[in-house]
Amino acid sequence: MSVKYISKTSGLRGTVNVPGDKSISHRAVMLGSIALGTTEITNFLEGADCLATIGCFRNMGVEIEHKPKSILVHGKGLRGLHAPEGILDVGNSGTTTRLISGILSGQNFTSVLSGDESLNSRPMGRIITPLRNMGATVTSVDGSGCAPLKIEPGYIHGIHYESPVASAQVKSAVLLAGLYADSETSVTEPTLSRNHTELMLQSFGAALTATMHPDGRATAAVAPCRELYGQQIDVPGDISSAAYFIAAGLTVPGSELLIKNVGTNFTRAGFLNVCQNMGADITLENETIQSGEARADILVKPDRLHGTVIEGDLIPSLIDEIPVIAVMAACAEGTTVIRDAAELKVKETDRIQTVTENLRAMGAHIAPTEDGMVIEGGHMLKGASIESHMDHRIAMSFAIAGLSAEGETQIHNSQCVDVSYPTFWETIENLH
Ligand SMILES: O=C(O)C1=C[C@@H](OP(=O)(O)O)[C@@H](O)[C@H](O)C1
Ligand SMILES: C=C(OP(=O)(O)O)C(=O)O
C-alpha cells in the first residue's frame, strides 16, 4: 500500500499532456485484434485497464508489439482468435469485461473471464441478458450475476435491444456480438452514451448507422460483418484524466494550466458544460478532428465557481467525472445537486458512498441521495486521511481537493491511479 501526501499549494502552472483516452485505447486494441492486417495505435494509454485488454488478446493468439511511440496490433480477423490458456484476466476493468464478452460470444471456443474483487462484484446481468437473447451462451459461474463469466460457443442472431441503461459498455457488447450475427443487430438506449465504438467500427469498415430520436433516445445498428480492416489510430488525451487538472486550474488560486490534445467528443464532454454552468472561464484552442474524434487544447485559470444542477441527458457524458465535480462543488458558492446518476453505485466503488465519506472527512457539507448527492459549497476544506478504496477516480479527485485544503491530505492506496493515469502523481509534482 502506498500513501501520497498533498499540501495546499500557491498554484499549479504549466502545460499538461494527459495520457491517451482509456475508452478509445481499449477499443483500438479490441477492433485491431479482430481485424485483418495491422492496426497502429499512437498515444495509447499504458494504464493497467488497457494492458489487461492487451493481455486478454495476446492470450488468444494476437501478436501485439510495443514500439517506442506506438502499439502494433497484428489482427487475426473476426474468426481467427484461438482458445485462451486458462482464465482471461480482466483485472479491474469493467470495459474490458463487458466489451470482450460481446466478441467472445461469436467465437467457436469456450472462455472464462475473471477480475479482481471489485470487478467480480460489479453487475454483469446487464450484458448477460442481451447476449443470451442473441443466442450466446454466457453464464455467471457462481450464479451471482457477476464475473467470473463463462462464454461457450453459440449461434448468434441479430436482435433489437432496448437497453434500460445508457451504458456504452452494454451497447458495445451487443454491437460487437452483432458483427457475428445472422442479421442486423440494433440497440436503443434511453440517452446517448459515449459513441467511440460506433465511430471506430465505421472506420474499420463495419456497416453501422446511428440515429438520434426526437425524445432523446439513441439507436445504433450494425449489419453482420465479413471482416474488419486494420487502421491507424491516434488516441486523443483522456478528458476524464484532463478533468482533474481542469478542476485544479479552477479551484487552486494562482494556477494557470494549458491541457493539450484533450478528446472533446460531445458524448464525453459534459464536464466542460458543467464547468461553464458553474461560471468557469475555460478556453478551447486548436480544435480539430483526427481518427474521427474531436480534440482541443484547454486553457484554465481560477474562477469563482457557483453551484449547479447536473441531471438527465448530461449524466452519461460525465459519469466518471462526478467525483471531481463533487470536489469542485464543495469549493463553489451555493448548492450543487447531482441526480439521475445511480450508475455511480456500480463503478469500481459505490462512488456516492466513497465521495460522501471522503468529502465529509474534509469538512464539506454533502448529503448522499439514491441517485446522486447534494453538496453545499463554501465551507473551507481541511486536509484529511482519504481512503481511495483502490478506486482510481476517488484517489485523483481527493488529491485535487487536497491542493486547496488547509493542512495535509493523505491519499491511501494511491497506486490505484495506475488503472487510468499512471503518471498522475509525477504530473502534479512537476506543476508546482
Ligand atoms: O465504454 C466505456 O469505455 C466506458 C463506459 C462507462 O461505463 P458504463 O457503460 O457502465 O456507463 C464508463 O463509466 C467507463 O469508465 C468506460
Ligand atoms: C468506471 C470506470 O471504468 P470501468 O467501468 O472500465 O472499470 C472508470 O474508469 O471510472
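Cβ atoms are placed via backbone N, Cα and C, with glycine included.
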Annotated companion of Lys22, Gly94, Arg122, Gln169, Arg393 at the phosphoenolpyruvate site, TrEMBL, chosen from Arg217, Arg339, Arg351: Arg351
Neighbour count (Cβ, 10 Å) for Ser167 (3-phosphoshikimate binding site): 23
Asp320 (3-phosphoshikimate binding site) and Gln169 (phosphoenolpyruvate binding site), Cα-Cα, nearest whole angstrom: 13
Arg122 (phosphoenolpyruvate binding site) versus Lys347 (3-phosphoshikimate binding site) - Cα distance in angstrom: 7
Candidates near ligand 2 among the binding-site residues Ser23, Arg122, Asp320, Arg393, judged by a Cβ under 6 angstroms: Asp320, Arg393
Pairwise Cα distance for Asp320 (3-phosphoshikimate binding site)/Gly94 (phosphoenolpyruvate binding site) [Å, integer]: 13
